[in-house]
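Trainee: Input: one structure, supplied below.
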Amino acid sequence: MSLPVWCVLALTLTALTVDGAIEDGAGRISALEEARLQRENLVRKYLKRLKKEDGALKLVGGRGDFEGNVEIFHAGKWGAICDDEWDQSEAEVVCRQLGFPGYVKPTHTGYFGRAKRKFWMDNLWCGGKEAELADCHFDGWGTNDCESGEAAGVICKQHDTAETTTEKPIPVELKVAKKRFGERLELRLVGGRVAGEGRVEVRMVDGEGAAGPWGSVCGDGWGLLEGNVVCRQLGLGYANNAVQTDFFSEESEANGKLPERVLLSGTECYGNESSLADCLHNPIGEGDARCSDRRGHVAAVTCVPQMADLVFDHVEMEQSLHLEDRLMYLLQCAMEENCVATQAYEIQRDNPNWHLETRRLLKFTARVVNMGTADFRPHIPKHLWEWHLCHMHYHSMEVFATFDVIDAHGKRVAEGHKASFCLEDNQCLPGVEPRYACANYGDQGISVNCSDIYRHNIDCQWVDISELDFGEYTMRVAINPEFKVPEMRFDNNAATCRLLYTQTYARVFDCKLERP
């Protein structure tokens, strides 16, 4: 009977450890310790590779096993994870499950390349303390409405030097920080069917006005923030779609050739830049820029002259915010939509009288105004809206708003979220006729100069702060937080406020509008 590979590996390394210690003499203890750490690291890596049971994770597309897009094993197959609601809590669970000491950051929009497998999980919601990612709440295995460019990823903290002696070295050039290039980039759109669409091409212009060759932009991390900057620089309005695709690569240029290299990669814009040169990029070297999938993975954009622009009304939130203690018996529908803290689900699981327990809710009204020049519409087609029987309504967006409470160290200590179960014209300016209503499977959206209002008495319009200590915090409410629906700008979609929480009341003040 043969031993498993990892067992043989462990026995071999043990033998090597003993031999090394005997020969070392005075350095016997340090040699033993170093060999033991090497052995544990190798065994852990082989165990992770060999583990193919439901819920197993792996990271793909990164520079090492500490980073990449997350894939999970289910029903005998590996699958990707959608980045809807993907944030620090999910990254913490992933890195802990993989044996790393923590996370550096979660990644979105196919940061390590497009998803090459079907999506197993969508709308993940973790509390951060779960033992495995499969223990978190999500829509169900295989239930999703995601495209390949929405792959969720993570960068985990690496182990100390002694434990990472077997890791592949990271090339020095990959450690260089991103930077801006000033006014040295020219843009154009190529291959589109009309003037306002196509793949994005750039070229560098030196101080004397001499221009270099045209090149493409790598699609890694490309999204609406970057697309808006391109459309603004070209005077074409606003980005209606910003994609990673080869759709526009079939057309040839006047000289009959397509650009042979990717010139820019790692493009990262805040969204309010006037030029793509003002955004962050990976350094431009002599050769092609790094790209996870060189062929058929370039940045493209579609520009339109009119666009919606949502603005969050922080004054309404300040005036309506209050505390309410509510029986869990009355929160059953909200719990089905992941609208309470993780501890509530633990109480439901462990306490037979869970329905008599109470949760403390920080409730407020959220009023969102469309100040743009076009209607705000869900990006999911109507036939894909999801019916929720408990509340008797359709979900037209995965996440419309997120609510976070952050402590003085910048750590999120409580959170809430709202799926867009009803986008409609609740209140319009005089002379504006409401167009959208949710009743009878009606069309959802927000008309220009109209407001969608989630009142404080509606399920999920709260943050569950039952476990929160009294004190002062930061509260952050963000609308369209994942930039899934295009807008004129995004730096008015979030309100960051000071939150004072005492034994008898809570209030928010000093609110500022900014980007999610």
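Each residue, glycine too, has its Cβ placed from N, Cα and C.
As annotated in TrEMBL:
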type     : residues      : note
DISULFID : Cys82-Cys146  : disulfide bond
DISULFID : Cys95-Cys156  : disulfide bond
DISULFID : Cys126-Cys136 : disulfide bond
DISULFID : Cys269-Cys279 : disulfide bond
DOMAIN   : 57-157        : domain 'SRCR'
DOMAIN   : 187-304       : domain 'SRCR'
Trainee: Using the alpha carbons only, what distance in Å do you get between Cys95 (disulfide bond) and Cys269 (disulfide bond) once rounded?
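Mentor: Cα-Cα, rounded: 27 Å.
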Trainee: Sequence gap of 6 or more, Cβ distance under 8 Å: name the residues on the same chain that satisfy this around Cys126 (disulfide bond), in order along the sequence.
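Mentor: Listed in sequence order, they are Ser89, Glu90, Glu92, Val93, Leu133, Asp135, Cys136, His137, Thr342.
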Trainee: Of all the disulfide-bonded residues here, Cys136, Cys269, which one's CB has the most other CB atoms within 10 A?
Mentor: Cys269
Trainee: How many whole Å apart are the CA atoms of Cys156 (disulfide bond) and Cys146 (disulfide bond)?
Mentor: 24
Trainee: Using all protein chains in view, find how many other C-beta atoms are within 10 Å of the C-beta of Cys82 (disulfide bond).
Mentor: 24
Trainee: Compile a sequence-ordered list of residues in the same chain as Cys279 (disulfide bond), six or more apart from it, whose Cβ lies below 8 A from its Cβ; state 'none' when nothing qualifies.
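Mentor: The answer is Arg180, Glu226, Val229, Thr267, Glu268, Cys269, Tyr270, Glu273.
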Trainee: Looking only at Cys95, Cys146, Cys156, the disulfide-bonded residues on record, which one has the least crowded Cβ, with the fewest other Cβ atoms within 10 Å?
Mentor: Cys146
Trainee: What is the number of residues in the domain 'SRCR' (57-157) that are helix, strand and coil, as DSSP sees it?
Mentor: 16 helix, 34 strand, 51 coil
Trainee: Could you please provide the mean pLDDT value for the domain 'SRCR' (187-304)?
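Mentor: Result for the domain 'SRCR' (187-304): average pLDDT 80.
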